[in-house]
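Quick look at what TrEMBL lists:
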type	residues	note
SIGNAL	1-26	signal peptide
DOMAIN	48-70	domain 'Glycoside hydrolase family 19 catalytic'
DISULFID	Cys48-Cys97	disulfide bond
ACT_SITE	Glu92	active site, proton donor
DISULFID	Cys108-Cys116	disulfide bond
DISULFID	Cys198-Cys230	disulfide bond
Amino acid sequence: MATHFRVNVIFLWLAFALSALSICRGAVSDIATQDFFNGILSAATDGCAGKTFYTYTDFINAAISFSSFGTTGTSDDNKREIAAFFANVAHETTNLCYVEEIAKSDYCSSNTQYPCASGQQYYGRGPLQLTGNGNYGAAGDYLGVDLLNNPGLVAQDDLTSWKTALWFWNVNSNCHTAITSGQGFGATIQAINGAIECNGGNTDQVNDRISRYTNYCSQFGVDPGSNLSC
């Protein structure tokens, strides 16, 4: 009887400790609230496809599928990561206005693992504008969806769209690791569009991302840290 009592006490203590840790660290929704999300969306011009496509609920549900996103490290690390993610999303989509890239093209490159499907185009779609047959194929494999043969799904299903963005952020690039390990916001710009913006000297684009990031950090009450530019 005493042994069972001790086991129960230990179990309850562990459950309490895990619950306390979760409360202390918080959830993504505690930082990126509905009001924060709406604040970005409201800046999009009327008539934008994204205004009726992107939803807060689908973002949160997608984030749950990537348990390390916005939960790694300290509370400040969490805030910086979510600020960095949305700064890049807001830049790529112009405040969640665009679902698809304006200048559409095939974006088909030689890839033996993920060869281009006949009649399909792999231009930018979704919150981080997933681009290229390699990315569509790899994201689809990870998510269990055939995006190589149906890339348009990223612009048709909002939950899938957010999942591709979070896949790119957490799995395909070093964005998650960069921002949570203290490399700075500039490393996320380098990972997303470094060849054009960082190495190509497109300072206006870089500055727009930085401006959004520092703004969101301010909203979250956290210092943006160093190494903001790439």
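Numbers here mean position along the shown chain, with the first residue as 1.
In case you wondered, yes, glycine gets a Cβ from its N, Cα and C as well.
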Completion exercise
Cys230 (disulfide bond) to Cys48 (disulfide bond), Cα to Cα, whole Å, comes out at 30
Handout entry: Tally of DSSP helical, extended and coil residues in the domain 'Glycoside hydrolase family 19 catalytic' (48-70)
Key = 13 helix, 0 strand, 10 coil
Practice task
Work through the recorded positions one by one (Cys48, Glu92, Cys97, Cys198) and name whichever has its CA nearest to the CA of Cys116 (disulfide bond).
Solution key: Glu92
Exercise for the section: Compute the C-alpha separation of Cys48 (disulfide bond) from Glu92 (active site, proton donor), stating it in Å without decimals. Expected result: 14
Practice task
List only the single closest residue to Cys198 (disulfide bond), chosen from the recorded positions Glu92, Cys97, Cys108 by CA-CA distance.
Solution key: Glu92
Exercise for the section: Please determine which of the disulfide-bonded residues listed here (Cys48, Cys108, Cys116, Cys198, Cys230) has the lowest count of neighbouring CB atoms within 10 Å. Expected result: Cys108
